[in-house]
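Visitor: Sharing a structure with you now.
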Amino acid sequence: MFTFAAFSALLISLAGVVAQTTGTSVDSSILTKTADSTGPSGFSIPALSELTSGAPTDSTVALYSTFAAGATPTVSGAPVLPTSALTIADYPALDVTPPTNSSLVKDWMAKIDLSKVPSYNVTTGDCSTDAAAISDGRCWWTCGGCTRETDIVECPDKNVWGLSYDDGPSPFTPLLIDYLQEKNIKTTFFVVGSRVLSRPEMLQTEYMSGHQISIHTWSHPALTTLTNEEIVAELGWTMKVIKDTLGVTPNTFRPPYGDIDDRVRAIAAQMGLTPVIWTSYTDGSTTVNFDTNDWHISGGTATGASSYETFEKILTEYAPKLDTGFITLEHDIYQQSVDLAVGYILPQVLANGTYQLKSIINCLGKDTSEAYIETSSNQTTTQITAATGSQSTFFQPIVGTATGAEVSAPSEATGSTAAGSAASTTSGSGASASTGAASNTSSSGSGRSATMGGALIALAAVAVGMVYVA
């Protein structure tokens, strides 16, 4: 488990790394920029220079609409909204990994064939102290940006932007929802289970408005630091609270901080979930994550102005070099990030006219109904071959989001302890790996962009990102 003490040590050790990937120094012309949008209902968006960690709290806005129990969704084949309200006592405590000894988690675990899950150790979440996890071929995104062919990391068509927001619903989400509704923009919301339990009506409005809902775990941990049982609990409870709220279950998830490896992938596959990360672009020795850094503003390591400048570089320097579309990382958990989106980023994209804004499921060329297990036309049973021997393989589910088939994964490190044990740790030395069907350097013949996240940027994401505000 990634403790606060461990996070503090990691943050201190990575102070130099963070300084390289985020900052508050920007072109002076950006500091004078004012909002291109007043927001829905004349809501006043602060000047860009005022979007800082010390910004005064905005007044919140109401949802443009709420929906009654039994209302019919726009998603083809979906059931009506559930008629029973959520009972908080029926769910785990907020913002902590759920207990693994509950009957539900035991039932979910019973459906997981652990012989088909690579027995890699849990990681420390820290690349500087976990060399063994880097070198054992597990395809750990956090340390090197490794992805598998079945990870969703881009939109196939050039100039299509897969828009997404993480960590909500929050008190500031209604402003974003209202703006998206006003402009007829669809996005993907990667929601935290604890936030859904706190604000189910916001999730229903997102869903009923045609946005894609996806999973972002129950308490926002770095998944590779968890045991198998804890991963199942984090994903399973989030799947359950979403279905209890909407009547459908997402078939995609985004690992917090992008922290994923083949063990997490294999467990998620057996739960019917396909991972979605964000696009990276590699040009020579430079690797850029399509991360606006809006989540750094609240912590003071970025400002609205510096995040906007990052966004402009993505849009003007890196996206045009791709043969494909792209997926970005943005957030609706913070006031500043929502103000940045509604007042600056989205209005500029609309005014520019170059990029088509779509939810991720739509940017893949699929109907929104393909985003949910119950309504997807692709009900292929997940097939996973045994994760043992020199050529272990796993199959990533393709329910609604088919991008590939069986993917070869290298065998686990010799003598490793099964990650199902809470006491599992790793140690040793080694260099970053590039094996199997992993992608961490360049595009394939299909024109796919490079998917190396970049160890420095990813490390900073794990470090600073642990300051998670509920």
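Residue numbers in this text run from 1 along the chain shown.
Keep in mind that glycine also has a Cβ here, set from the backbone N, Cα and C atoms.
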Visitor: Name the residue, out of D157, D167, D262, that Swiss-Prot lists for the same Co(2+) site as H216, H220, please.
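Guide: That Co(2+) site, as Swiss-Prot gives it, pairs H216, H220 with D167.
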Visitor: By CA distance, which of the recorded positions (N101, N121, C155, D167, N352) lies nearest to N378 (N-linked glycosylation site)?
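Guide: That would be C155, nearest by Cα distance.
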Visitor: State the Cα to Cα distance, in Å, between H220 (Co(2+) binding site) and C155 (disulfide bond), rounded to an integer.
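Guide: Rounded to a whole number, the Cα-Cα distance is 25 Å.
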Visitor: In the structure shown, with every protein chain counted, which of the binding-site residues H216, H220 has the densest set of Cβ atoms within 10 angstroms of its Cβ?
Guide: H216
Visitor: Specify the count of other C-beta atoms within 10 Å of the C-beta of C155 (disulfide bond).
Guide: 24
Visitor: How long is the line from the C-alpha of C155 (disulfide bond) to the C-alpha of N352 (N-linked glycosylation site), rounded to the nearest angstrom?
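Guide: Taking the Cα atoms only, C155 (disulfide bond) lies 19 Å from N352 (N-linked glycosylation site).
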Visitor: Using a 10 Å cut-off, grab the number of neighbouring Cβ atoms around the Cβ of N101 (N-linked glycosylation site), all chains included.
Guide: 9
Visitor: Roughly how many Å separate the Cα of N101 (N-linked glycosylation site) from that of N352 (N-linked glycosylation site), to the nearest whole number?
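Guide: Cα-Cα distance, N101 (N-linked glycosylation site) to N352 (N-linked glycosylation site): 53 Å.
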